[in-house]
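These come from TrEMBL:
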type	residues	note
DOMAIN	19-291	domain 'Homogentisate 1,2-dioxygenase N-terminal'
DOMAIN	293-442	domain 'Homogentisate 1,2-dioxygenase C-terminal'
ACT_SITE	His304	active site, proton acceptor
BINDING	His347, Glu353, His383	Fe cation binding site
BINDING	Tyr362, His383	homogentisate binding site
Amino acid sequence: MLSDSVEDNYCSSSAESYKYQSGFGNHFSSEALQGALPVGQNTPQICPYGLYSEQLSGTAFTVGRSGNQRSWLYRIRPSVMHLPFEPYRVGEHGIVGTFDARTTELTPTQIRWLPFAITAEAVDFVDGMHTIGGAGDTALKNGIAVHIYTATRSMDQRAFGNSDGDMLIVPQQGRLDITTEFGPMMIAPNEIAVIQRGIRFSVALLDGPSRGYILEVYDGHFELPDLGPIGANGLANPRDFKTPAARYENTLGEWTIINKYQGELFSASQDHSPFDVVAWHGNYAPFKYDLANFSAINSVSFDHVDPSIFTVLTCKSAHPGTAVADFVIFPPRFEVQARTFRPPYFHRNCMSEFMGLIRGEYEAKKGGFLPGGASLHSMMTPHGPDAKTVENATTRDLNPGRVADGTQAFMFESMFQLRLTKWAVEHKQRDRDYYRAWQNIPVTFNPEKKDITKQDILAGSK
């Protein structure tokens, strides 16, 4: 493990600093008041400063030490000090927790959505969250969900907690100031945050209206992928992950705690801030990561390498070699492969692939796939580059060069077959003409000539 370190990062819109501890999977210790962490034990009869000790467990107590995740929080008031939860509804209820025929529709067709419009209504991160699709059942802790959020206002005296799973948040437009029980963190487009099951947080908007994507896993936690023959370094390096340092609020006032439980939302009131943790220690804590720090691995000889080389985080399944979910990016990089069709090859995959675009233009789609939009290619449904990309890739000169500069596309990949919510299937931004992207791919087959040249293809296209 890397040793703990702390650094200050300043948000340009505020004089307030964000302090982070560096490393992935570390056992961190953080205190906003010196001496607030008990020494030598977790639950003294009376904690320093009169705080209360509270354990937050991310795994079962008896999980092996290498996989055990938990943190101890030392807070001004125990989190149990709230009124009973009541069902919560605001406008259209867009969250789904069980993916069956009652709540979703099933189709193997390739689907694409144009950028999801940001409503003119005043909605915050929670009220602006809608489920695109998923698989499984939160009650059985098995499956995933994919959500979109569009928000136009900050969460005011409101906090959100998810009993169903861990959430990986990918902002596409607008920075998010996320206050958590462990401390604050700021994420901008091209950064991600992971907030685990049970951790309460509140989202403020730093740049006005915001939009982004969420991957939720019901079982297990995100971890760094094994590197195998790559060796000890590369891809997402542990030192680049940042966990917030403790900062507390000791304020009174009406707060609403919204809890996601089995896909339903519930709310409870309390008379104080939920962010009153003065100190904490453990390895179950939220974190952020800047995608620009990803160290890409690629072919330097020939052929296009499988997209698994671009995996940032994975949530492993019980079946070796498969994943509940992978978070994969397609970052700016050099491409130098000789005698190679360089874009992603045509394929049918035993994983479901949901793709989003943070900025720029994805290398395998020359139109229609836009920042803030998305696509879904279901398990074993054919997909690949569009007709314009194919034409360019088969006729271009294969000089070394750059690809994806100014672009950041990503993929949520899962071993589960995803079902779509009716909200997503019927959405006005669904691109009903997506199938046309492949209809004009030229037929270059010539049974009388084995070695087809670029000149043959160019001549045939005239």
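Using the three backbone atoms N, Cα and C, a Cβ is placed for every residue, glycine included.
All TrEMBL annotations are machine predictions without curation.
Mapped onto this structure are the features recorded in TrEMBL.
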{"residue": "His304", "record": "active site, proton acceptor", "CB count, 10 Å": "15"}
{"residue": "His347", "record": "Fe cation binding site", "CB count, 10 Å": "13"}
{"residue": "Glu353", "record": "Fe cation binding site", "CB count, 10 Å": "21"}
{"residue": "Tyr362", "record": "homogentisate binding site", "CB count, 10 Å": "25"}
{"residue": "His383", "record": "Fe cation binding site", "CB count, 10 Å": "20"}
Original post:
Counting each residue once, how many in the domain 'Homogentisate 1,2-dioxygenase C-terminal' (293-442) are helix, strand and coil under DSSP?
Top reply: 23 helix, 48 strand, 79 coil
**OP:** Quick one: average pLDDT across the domain 'Homogentisate 1,2-dioxygenase N-terminal' (19-291), no decimals.
**Re:** 95
**OP:** For the recorded Fe cation site, enumerate neighbouring residues of the same chain (Cβ within 8 Å of the Cβ centroid of His347, Glu353, His383, site residues themselves excluded), in sequence order.
**Re:** Pro344, Arg348, Asn349, His377, Thr381, Pro382, Gly384
